[in-house]
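Take this structure first; my questions come after.
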Amino acid sequence: MSERKATVASSSGLHARPASLFAAAAGETGVEVTIAMDGAPIDDAMDASSILSLMTLGAEHGSVVVLRAEGDGADAALDSLVQMLETDLDAL
Amino acid sequence: MQSFPGVGVSPGRIVGTIRQMPKPLAEPPAGEKLASGTSAADAAAALTVAAKAVQAQLRDRAAVAGPDAKAVLEATALMATDPMLIKASVKLINTGTSAERAVWEAAEAVVTMLVNLGGYMAERAADVLDVRARIVAALRGIPAPGIPASEAPFILVAHDLAPADTATLDPAKVIALVTAGGGPQSHTAIIARSLGLPAVVAAAGVDTLADGTEVYVDGTAGTIATDPGDTERSAAAAWAANASFLTVFDGQGTTADGHLVPLLANVGGAKDAVKAAAAGAQGVGLLRTEFCFLERETEPSIEEQVQAYRGVFDAFPGKKVVVRTLDAGADKPLPFLTDADEPNPALGVRGYRTDISTPGVLERQLAAIAEAAQGTTAQVWVMAPMISTADEAARFASLCAAAGLKTPGVMVEVPSAAVTAESILGQVEFASLGTNDLTQYTMAADRQLGPLAALNNPWQPAVLQLVRLTVAGSIAERSGKPVGVCGEAAADPALAVVLVGLGVSTLSMTARSLAAVGAVLATVTLKEAQEIATLALHAANPTEARDRARKKLPILAELGL
């Protein structure tokens, strides 16, 4: 199991447009990626490719989240997703 | 020939085929099971196909939508195949629930979660409900709710249209609007006028017509007829020929004897303002500032506001621009100002009253207006919506003065403001009659309700009396403070003449109507307008008032208005 922490950089948090962009990107990695707030139990981790899950996660600007994935390509997928979270997607 | 009488709300005569707006979707019954012979795997596969089809439809719509709608539609498209939604649905299907009911319940759970989160998330709940309805429609093989997609132009027939429907209405495809419900001041009516589409509302029975039926729509007379013949076709052709003439306004509103009545435009932002200026508007009589920020969750910053307002001021150098401060509430909620749970929002904390519940927003808006006015040559006037008392007017004037804004005014929409116009005008520099709300409050009739269409009519003699009283208040106040009209009534050429006859000094309307109102006004002298106003004022009912005025204005029939 690979794991990365990332700080949400988008000014509106992980809602609206940033959430759709991130969910779409997570879906395209071909790897099952989960997302949870930092410190939350691993059982509460949610599917990162689900825009509805992301919306109910409640990650705001500056929140730290944990991404997890397993198997082939997990590290590359997580690296690209972390980079995305740490970009202000509202400013694009 | 079958005929359906209704209320004409936007002029024009047209022959075309109709498309019915699909009825709202019926809920799949609770406890609905998989049909016999359908396995859970089949149902889950059907759900996936339906979800993907809905996603594709929404992506197609996103591809052709404007930038704001595009972002929303793209997010909604993602929700259609959302893994959490699909997994939860499949789990229910595996317990024997039908696919339709499963996705219904799974989406319900998501909606509850979003609503509990409140704010922005609660508003996205509507998107989840939209996706759910589309998936269930796809599973049932029936048309998705919403405005039908069609290659060929059509006449849209609906029970009534909501603001959200009108936002997705493509004026290149929809050539006229007909509703079985709705009133003369409903959203259907307002959108039809702003798009220049012929429209008839409250035409009971039209929702039974089959898709593809050819009909004749007369938006002036307020009728719809099936099996149009030569008479109807030539009337439609004559309208088409006149319509091009009625799009040109020479930029000088005047009666036949040279009494000047500036014709101004109602706008919702810089884009509208540029169009209105091109259409010859002599200024802006109503800048609806809330339309710059309707999709917003949070209060716009002062800088954003300055930019939005300056775009409008720049379109009218040297001309008057009347800015209405945020008019949130009732049918135009703004999450940062209004409480969605009021039992009676039209009588609730809306318009100027939001300054009680959310102080500060108004002062910041006035500061932004003052800053935007710096460096432009537009004459910036500012008015507050929903003023009821002279004390409120005085307080608004002092807030304007503190912000450095020199011309404060009020909207007259609440009957108490019309009745006490003299003391209210003692506190501010001008008044502007908002006839839509003034009619709704005078007649105690909800603007959106079809069954109350007859009451909710600005030709009601009681409404005309309140216009007269407001002008009388200005005369009694003795400093000649102007009383204008910025409601939909000003866009009706016959009513516009009556308003001028009652002593209204400016008329502000959707830019589309400027040419028609200008053309009709130019055929009467001020004295004739006053006589027509007197006839209308003393009519027994709105139909008689309108008929009396129209009889004195033969130009209306000549132009097909």
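Along the chain as shown, residues are numbered 1 onward.
Cβ coordinates are placed from backbone N, Cα and C, and glycine is handled just like the others.
Remember, TrEMBL labels are computer predictions, not curated facts.
According to TrEMBL, the record shows the following:
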type	residues	note
DOMAIN	B:153-222	domain 'PEP-utilising enzyme mobile'
ACT_SITE	B:H187	active site, tele-phosphohistidine intermediate
DOMAIN	B:253-523	domain 'PEP-utilising enzyme C-terminal'
BINDING	B:R288, B:R324, B:N436, B:D437, B:R447	phosphoenolpyruvate binding site
ACT_SITE	B:C486	active site, proton donor
Using a 10 Å radius around its CB, how many other CB atoms surround the residue listed as 'active site, tele-phosphohistidine intermediate'?
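If we count other Cβ atoms within 10 Å of the residue listed as 'active site, tele-phosphohistidine intermediate', we arrive at 19.
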Where B:C486 (active site, proton donor) and B:N436 (phosphoenolpyruvate binding site) are concerned, what is their Cα separation in Å, rounded?
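Per the Cα atoms, B:C486 (active site, proton donor) and B:N436 (phosphoenolpyruvate binding site) stand 9 Å apart.
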With every protein chain in view, what's the tally of Cβ atoms within 10 Å of the Cβ of B:D437 (phosphoenolpyruvate binding site), excluding that atom itself?
23
In sequence order, what residues of the same chain, 6+ apart, have a Cβ less than 8 Å from the Cβ of B:R288 (phosphoenolpyruvate binding site)?
B:N266, B:V267, B:G268, B:R324, B:D327
Using a 10 angstroms cut-off on Cβ to Cβ distances, just flag whichever of B:N436, B:C486 is the loneliest among these recorded positions.
B:N436
How big is the Cα-to-Cα gap, in Å, between B:H187 (active site, tele-phosphohistidine intermediate) and B:R447 (phosphoenolpyruvate binding site)?
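The Cα atom of B:H187 (active site, tele-phosphohistidine intermediate) is 9 Å away from the Cα atom of B:R447 (phosphoenolpyruvate binding site).
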Max CA to CA distance in Å over the phosphoenolpyruvate-binding set B:R288, B:R324, B:N436, B:D437, B:R447?
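Across B:R288, B:R324, B:N436, B:D437, B:R447, the two farthest Cα atoms sit 20 Å apart.
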Which residue counts does DSSP give the domain 'PEP-utilising enzyme mobile' (B:153-222) for helix, strand and coil?
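When I sort the residues of the domain 'PEP-utilising enzyme mobile' (B:153-222) into the three classes, I find 17 helix, 19 strand, 34 coil.
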Count the Cβ atoms, other than its own, that fall within 10 Å of the Cβ of B:R324 (phosphoenolpyruvate binding site), considering every protein chain shown.
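The answer is 26.
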According to DSSP, which kind of secondary structure is B:C486 (active site, proton donor) found in, if we only use helix, strand and coil?
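Where B:C486 (active site, proton donor) sits, the three-state DSSP reduction gives coil.
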Using DSSP and collapsing to three states, where does B:R447 (phosphoenolpyruvate binding site) fall: helix, strand or coil?
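Where B:R447 (phosphoenolpyruvate binding site) sits, the three-state DSSP reduction gives coil.
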